[in-house]
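Written below as structure tokens is the structure these notes are about.
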Amino acid sequence: MANHSEPWSPSSWQSKPIKQDVTYDDEAHVERVLQKVAHLPPLVTPAEIMKLREQLKEVALGNSFLLQGGDCAELFEYCSQDPIESKLKVLLQMSLVLTWGARTSVVRMARMAGQYAKPRSKLTEMYEGREILSFRGDNVNGFDPNDRKPDPERLLGAYFHSASTLNYVRAILSSGFADLHRPSSWNLDHVRSSPLRQEYQTIVDRLLESLDFMRTIGADSPQGIPSSLNTVDIFMSHEGLLLEYEQSLTRHLPSPTDPKGERKWYNTGAHFLWIGDRTRQPDGAHVEYMRGIENPIGVKVGPTTKPEDLPELLNRIDPKKEIGKITLITRYGAGNVEKYLPAHIEAVKESGHVVVWVCDPMHGNAKVAPSGVRTRHFADIITVG
């Protein structure tokens with residue numbers, strides 16, 4: 001049983017057992033890079049982080065819906081105009097359909113601007129008869145089989161690619177990219193089904209009619225004054241896997257919710273971080289790091305999660321039992337939902353924690369095609385969702 005009152009610091013995780021860590025040849029080089037990252041400005045602010053906390057509280061209470069989407073493993077080359085806009089369009093289209101159909105507000109969260117690390121079940125793999133290091137994500141090594149040596153400079157690359165992605169996202173959102181008066185600009189070039197295209201267009205047409213009516217009676221926002229019709233919040237998230245990097249982005253800053261401006265610890269590299277299926281040990285380094293920051297925290301939950309272990313894990317991360325502080329991201333696979341989910345829900349209810357529940361329909365449903373490519377059956381995705 002962990003001692004929840006033991007002291008915490010951004011580096012206290014170093015005294016705990018760790019999984020999925022990276023070994024570099026030149027530790028002095030790593031330290032120089034981390035010091036550089038620690039010197040660079042925050043990517044997100046405490047005010048944004050706490051805004052997400054408030055919105056996730058409403059999700060946990062059943063008053064809103066959380067939509068999270070993006071890459072399994074983001075690549076540096078995705079830091080470009082078209083990939084960024086395409087992912088935002090999909091999130092906006094999905095949230096529009098959810099809001100229209102379910103008549104509920106939607107919290108939008110992207111796996112972008114930092115999802116560069118990739119946990120692996122094996123540290124090596126076979127390639128053309130020789131054993132090479134596994135690809136660990138663009139912030140560790142290269143996908144090219146000849147570029148698998150961990151390179152500390154990639155951590156600096158992760159920061160600047162994250163900053164560039166965030167900068168462009170902020171710029172286009174403030175320039176009307178998400179304006180509900182222009183939903184037709186979120187084209188459906190990626191949708192092959194004509195019936196689906198028509199169904200979406202029908203929603204758009206009805207929305208535009210409603211907005212036109214509001215404008216006619218003067219209920220629309222005054223010209224030039226931003227409102228929820230003109231833009232939206234899109235928060236950034238990634239798996240907090242490389243703790244040295246996360247520590248470098250952890251800052252002691254004034255709390256926007258404290259009347260006296262008391263300083264608290266924030267990870268300023270993302271609004272939301274999560275702990276993966278392989279790193280959620282209650283006495284482990286990743287849980288130790290996450291328990292000390294103000295950011296909302298996600299935890300992957302799957303078939304290997306014992307119901308009796310959940311209360312200790314939740315208490316470790318959030319001893320105050322703050323509503324919506326923790327998001328449980330379920331990744332069971334299509335055939336395991338009924339087998340595991342009810343017991344996990346019951347364990348959480350008995351613990352007294354009020355969490356956000358999120359379904360991850362992709363992980364846990366992977367199949368390997370005859371060509372060797374990992375894929376998913378759409379029917380399995382729908383079944384889990």
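Every residue, even glycine, has its Cβ placed from backbone N, Cα and C.
According to TrEMBL, the feature Mn(2+) binding site maps to Cys72, His363. Residue environment of Cys72 (Mn(2+) binding site) contains 12 other Cβ atoms, counted within 10 Å of its Cβ in all protein chains.
Here TrEMBL flags Arg111, Lys300, Arg331 as phosphoenolpyruvate binding site. Listed in sequence order, Trp274, Ile275, Gly276, Asp277, Arg280, Ile329, Arg331, Asp360, His363 are the same-chain residues six or more apart from Lys300 (phosphoenolpyruvate binding site) with CB atoms under 8 A from its CB.
Binding of phosphoenolpyruvate is attributed in the record to Arg111, Lys300, Arg331, and the widest Cα separation among these residues amounts to 16 Å. Taking the Cβ of Arg111 (phosphoenolpyruvate binding site) as centre and 10 Å as the limit, one finds 21 other Cβ atoms among all the protein chains shown. The record gives Arg111, Lys300, Arg331 for phosphoenolpyruvate. Within 8 Å of the mean position of their Cβ atoms, the other Cβ atoms in that chain belong to Glu239, Trp274, Gly276, Asp277, Gly298, Ile329, Asp360, Met362, His363. Cβ packing within 10 Å was compared across the binding-site residues Arg331, His363, and the lowest neighbour count falls to His363.
The CA atom of Cys72 (Mn(2+) binding site) is located 8 Å away from the CA atom of Arg111 (phosphoenolpyruvate binding site).
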